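Peer 1: Per TrEMBL, the features are:
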| type | residues | note |
| --- | --- | --- |
| DOMAIN | 1-80 | domain 'C2' |
| DOMAIN | 127-162 | domain 'EF-hand' |
| REGION | 241-333 | region 'Disordered' |
| COMPBIAS | 265-277 | compositional bias 'Gly residues' |
| COMPBIAS | 306-319 | compositional bias 'Basic residues' |
| ACT_SITE | Ser675 | active site, schiff-base intermediate with substrate |
| MOD_RES | Ser675 | pyruvic acid (Ser) |
Amino acid sequence: MDPFVVVSFGKKVFRTRVIRHSRNPIWDEKLLFHVRRYETSFKVNLAILDWDKLSSNDYVGDVSFDVKELVECTPQPDVGTGLYPVDEGGEGPMVDYRLPLVGNASWEGKYSPVLSFRAKYQPYDALRQRFWRQYLKQYDTDDTGALSHLELTSMLDSLGSTLTRSTVSSFFTRYGKKAESDELSFEEAIKCLEDELGRPVEEKRRVDVDAGESCVPTPVLMVADGQGRELKLEEMDFSKDQTAAGAAQESGDDDTSDDLLSSSGGSGNVSVGGGGTLFPPAEKKKKSRFRRGDKSSSSSSDQANKKKPKPKPKKKKNSGSKDDTSELESEDSVERVINVKSCPLCHRPRMNSKAEMDIITHLAVCASRDWSSVDKIVVGNFVTASQAQRKWYTRVIGKISSGDYKLGANSANIIVQNRVTGQLEEEKMQVYVRLGIRLLYKGASSRMEGGRARRLLKSLSIKQGVKYDAPESAREIPTFIEFHKLKVDEILDPLDSFKTFNEFFYRKLKPSARPVESPDDPYRLVSGADCRMMAFETVSEATRLWIKGREFTVARLLGENYKQEAERYTGGALAIFRLAPQDYHRFHSPVEGTIGNMTYIAGEYYTVNPQAIRTALDVYGENARKIVPIDSPHFGRVMAVCVGAMMVGSIKTTAQEGQYVQRGEEFGYFAFGGSTIVLLFEKGKVEWDEDLLINGRASLETLVRVGMGIGKGRSAVAGAV
């Protein structure tokens, strides 16, 4: 017997996989379907059939149950607040069914087969509230069950929210609290967020289309030189197809991906299963365990169309504008609690075309299979911050010829020059980096806000480190590789050998993947990391052009143990190697020499993103870091300062004190997150390659790889002359 189950409810039909040659099959699958208000009196039918390869499938028997039974077992919301009881486990009460099969007289007298399953009914409101509660916990740094204005704003930023400062502050005044000093309980915050989601469009506040940010827009200081003059972008090479740089989007087609949910016009959903997993992401429909019937595809769309916000007045399109740009402008003309292009959990595309309520409900349904997955949204690559990313870049390219690009545009992107191809490339800023910048600017505003920002950054970093050390995190590896288009053939170990995401993150590469330039020339300085590099002839030039921290000094960077050596680097060269999360995160020695006494300095978790480095805060001097001196016979004492950043759980060194390392030899690695290595050279010891200096003076980072030549020792230069 090759049994399978067909589950039908109204117009919706699902089918399990076939269990071959079994009379006691265990499917261990889970499905969800939507229940409209008028469907609560319907029955769910489960029919068992015997699969045949050539002839039609044989009917074995069926069972059914009333949805009304599940609805009546559902907890009711509080009459005053509209909030459902807290369900910490996220599972809620499930009803166990063990129903006898009926319908085939040939075996009814001999056997008594039964079908066992569990089911429950979940109102959409309860699902959303459970999602909010789980998500808010990620930003409750002191675990008090309450959120400050900073914590709430940070949470909204991670969702790309465009709620204005006054709107967020009104959440506090609504309960007679002060935004600057008081905190909102989870229940109060959830009530405010739910009310904001359900607010009619005509009652929402209008926001500036070009500055749709919650609170203060993230500043952009990347396109000016040291004197604040605007860069001449028209003289740069933008010949590469710019759409390719940001083309790492999740593929999908609405025609082939079913709506998993729609909160409008329906009261909730029924979950049926015995453990197992929720069906796969919608865009991979052909691999799903459940196949919808011919009529089921209309159920979600009918439901979604039943109750939608009133259409917004359409703006007239210019002849040269694109449809998606105009649509985006229309969507962003009013405040939004959430603004995402694709689901960060199932990666379903084009979510920004849906109503806010539907987006949050979709996230809640996706998260309901594993509530611990909610914190993935913090570091997801799929959340877009307002409208800044794609739209900003399109505008820059459109105005290059006329030089109309102005300093201070509201962008969430970084432009770097690929040293191999010479092309300018767009680096998409991940949402947690945006969050880190927001918190950094908050920290600069006052002592109280600074303390809160540091606690939140530390809490997020620790939580993220724990999550990516868990075995379950290995499921993130394929998605990470696909999104960043990583070259798998360069990785030394097979992918299935990585038991956690962190193991993959500090993966080793094949020796042939990163050859050292000029292997016989010890005076050839090489890059110590796959990174975005900035090179400066002197420390003072670096502070004038790039490092804007008010308190930054070499002595502060090196810490107490080495501050007496700071003077030897006066007038010396400085290099910054910034590693993005998608980069190879093991670092190698740029020179040959002996490893000196290494010192770890505990510190903060500020992001090392370029926008952060160019603020008044001394990020390098405040972040956790490890000082690694290398005594080189060709470059003198080189100080390598390994700086951890937001989401970096640890800084590990693999080389030992007193060990002699060769150029390109590994001496450490970073765990998950962005990170930076700052190299300090004594005066007159190194001469940088010309292209790196030109880009450094233009405040433009250069994309380099381990082993690539970046400069020469002065003795070699003098000998060549």
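From the backbone N, Cα and C atoms, a Cβ is placed for every residue, glycine too.
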Peer 1: On the 0 to 100 pLDDT scale, where does the domain 'C2' (1-80) sit on average?
Peer 2: 87
Peer 1: According to DSSP, folded down to helix, strand and coil, what is Ser675 (active site, schiff-base intermediate with substrate)?
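Peer 2: Where Ser675 (active site, schiff-base intermediate with substrate) sits, the three-state DSSP reduction gives strand.
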Peer 1: Provide the three-state DSSP residue tally for the domain 'EF-hand' (127-162): helix first, then strand, then coil.
Peer 2: 21 helix, 2 strand, 13 coil
